[in-house]
Amino acid sequence: MGQTVTTPLSLTLEHWGDVQRIASNQSVEVKKRRRVTFCPAEWPTFDVGWPQDGTFNLDIILQVKSKVFSPGPHGHPDQVPYIVTWEAIAYEPPSWVKPFVSPKLSLSPTAPILPSGPSTQPPPRSALYPALTPSIKPRPSKPQVLSDNGGPLIDLLTEDPPPYGEQGPSSPDGDGDREEATYTSEIPAPSPMVSRLRGKRDPPAADSTTSRAFPLRLGGNGQLQYWPFSSSDLYNWKNNNPSFSEDPGKLTALIESVLTTHQPTWDDCQQLLGTLLTGEEKQRVLLEARKAVRGNDGRPTQLPNEVNSAFPLERPDWDYTTPEGRNHLVLYRQLLLAGLQNAGRSPTNLAKVKGITQGPNESPSAFLERLKEAYRRYTPYDPEDHGQETSVSMSFIWQSAPDIGRKLERLEDLKSKTLRDLVREAEKIFNKRETPEEREERFRRETEENEERRRAEDEQREKERDRRRQREMSKLLATVVTGQRQDRQGGERKRPQLDKDQCAYCKEKGHWAKDCPKKPRGPRGPRPQTSLLTLDD
């Protein structure tokens, strides 16, 4: 009652400050809300075994990382900072994570020295795992392999087997020796699948450049044993990666990983190249690899004997059980990798580099990786070279997304900024972008504001139109009323008033109208008589 279960997700959320510090060391920035979304909702859908509460298992983390870094529409660039941070926590766990991480197993030497003489110690009975040994009836005289003290059982397929007990004293009649021989002869030989499982489980040693997951391994009899590649491995590598012509960088990285982890022989390398490359691509790679052979002076050589000795085209007689043979194989793999890198370079084409632009939802870190890959593929320059940092930085600024590029150009003291500083600033700008929900909400709000403003403007224009009509109608009515008043005043016009000494007839002053000399003086004519009609008329 009252107890809570601690999970990797809840543990990282409780120590979120440390998580942000680890993310900052990886030149990325993470947000708690997105981490809570990706871990339980997004990553379990990748079908790689990711639990909803998270895990610190590096195998599962690397599988999720491969899904996140997938090219094209299948990738998830917005999740890159979060899976990179999670990987860093699992790879170098802080103190609060160590109790929840399974302890790393001690690794055996990758290139063991073969025994030169008879050993005084009794050889181990088998190099197999207990799960693969046949069921043998235990003998009371022999100590048990697993203790009965109630301790936790190991994973029989993925963990190293426990040490066998010391050999008891042999019986005088030699029966014990015969039983020992029978016990050893009944154990089957190691299988390739067991080596693959153990190779995937055990990480490489920090101070070694080789891995335990190679086809050459030390068997139970003290001899190196060889298992070739499985057909399923070759099939998956070919179908889950682009061709060499389409993306030489990615396929080169895959082959480099295989050469490092599996330590293949000369025949394995030919099988690998024949599966992943076309005939023309393979010939080009072999030619470039032979060009990379160096002589005793450290410079490239064209002497046929030295070239054929270091990188033969026909099957050599290298014995991988001897140090000399293993050294030949190491040099051959290094030259093969150099040939892949040189053959993957295309003719110089800066237009291809300028055509690499940041996608709308692509993180700056993923965009920088694509930009560097374009430099490696289409130019003779190494983007990791310090002398090319300025060119890569300028391309990163100019070819970033418009909103990120504008803000990067306005940074203070831009000339002193390193490429890492620019990526850090770009990540901050990228993470401050709106989420799709916030962007939709902003668009909806802006649409409503525009509609409201448009309605207000329409109402204002309508009111202005009404006022203009009213003014025009007022002017028209005023004109009509004024005209009517003038007409009415014109019909009732009175005679002008006369002065006291002014004539009403001639309008001259000094006399009146009866004395006006201009007025005619003749007798008046008789007035016409008005006749009245009677009823008889």
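Just so it is clear, glycine is given a Cβ too, placed from its N, Cα and C backbone atoms.
These features come from Swiss-Prot:
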MOTIF     109-112  motif 'PTAP/PSAP motif'
REGION    112-217  region 'Disordered'
MOTIF     161-164  motif 'PPXY motif'
MOD_RES   Ser191  phosphoserine
REGION    344-392  region 'Interaction with host PIAS4'
REGION    429-434  region 'Interaction with host UBE2I'
REGION    433-537  region 'Disordered'
COILED    437-477  coiled coil
ZN_FING   501-518  zinc finger
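Per-residue confidence over the region 'Interaction with host UBE2I' (429-434) averages 85 (mean pLDDT, predicted model). Here the region 'Interaction with host UBE2I' (429-434) has long-range neighbours at 29, 31, 81, 363-364, 401, 403-404, 407-408, 442, meaning same-chain residues at least 6 beyond its ends whose C-beta is under 8 angstroms from one of its own.
Counting residue by residue with DSSP, the region 'Interaction with host UBE2I' (429-434) contains 3 helix, 0 strand, 3 coil. Summarised by DSSP class, the composition of the zinc finger (501-518) is 3 helix, 2 strand, 13 coil. The residues of the region 'Interaction with host PIAS4' (344-392), classed with DSSP into helix (H, G, I), strand (E, B) and coil, number 27 helix, 0 strand, 22 coil.
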